[in-house]
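Novice: Please read through the structure below; I'll follow up with questions.
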């Protein structure tokens, strides 16, 4: 194998944030390529877990609404507004966090947006009235609207050129894993009695565990 061919392969294995003009020996290139693969797996695990936590946050409302309807005296229109509130928050959050990510850095914005999601999601689990629950859900949606797009842009910066498409696809599969996790939590939590706590509040608190683990 010629030196030029090997250099092209090394360039394809190099993440976007690493300069392709760095000159190293062949042994060092091999070590570097192995490090890139290990880092890529760690990155897809961390960012994928964040992606799954957003999926759990969005899907859980469809499982808790039937039980929360009686406790909060919800009408059919109230349930529709509550379902739409997180998406409305995501719409505003996408513009806000996208701007801040370019200005302040994607890693910092990702952590803060996950924090907003976790804090206001936790407060929503103990909200005594519908309107307070709706407001907290909207603010939590602002956090979700920041983490979803920032995750993919932040993640793609570290991926090698040859594997970028496959790794981003692997990251996207964590969304389906989050949906399965949300359904599993609902199956375990909703049918059971939890002392003086409503089962939908316990489910909501359990849904925050993936986002809290990242913080």
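Placed from the backbone N, Cα and C atoms, the Cβ positions cover glycine too.
So TrEMBL has the following annotated:
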type	residues	note
DOMAIN	40-215	domain 'Major facilitator superfamily (MFS) profile'
TRANSMEM	81-100	transmembrane segment
TRANSMEM	107-124	transmembrane segment
TRANSMEM	130-155	transmembrane segment
TRANSMEM	167-190	transmembrane segment
Novice: Restricting to the same chain and to residues at least six past its boundaries, which positions have a Cβ under 8 Å from a Cβ of the transmembrane segment (130-155)?
Specialist: 43-44, 47, 50-51, 54, 57-58, 61, 72-74, 78, 81-82, 85-94, 96-98, 100-101, 106-107, 109-110, 112-118, 120-121, 123-124, 167-168, 171
Novice: Mind checking which residues reach the transmembrane segment (107-124)? Cβ under 8 Å, same chain, six or more beyond either end.
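Specialist: Tertiary neighbours of the transmembrane segment (107-124) are 50, 53-54, 57, 93, 97, 100-101, 133, 136-137, 139-140, 142-147, 150-151, 154, 204-205, 207-208, 211-212, 214-215.
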Novice: Express the predicted model's confidence over the domain 'Major facilitator superfamily (MFS) profile' (40-215) as a mean pLDDT, rounded to an integer.
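Specialist: Averaged over the domain 'Major facilitator superfamily (MFS) profile' (40-215), per-residue pLDDT gives 83.
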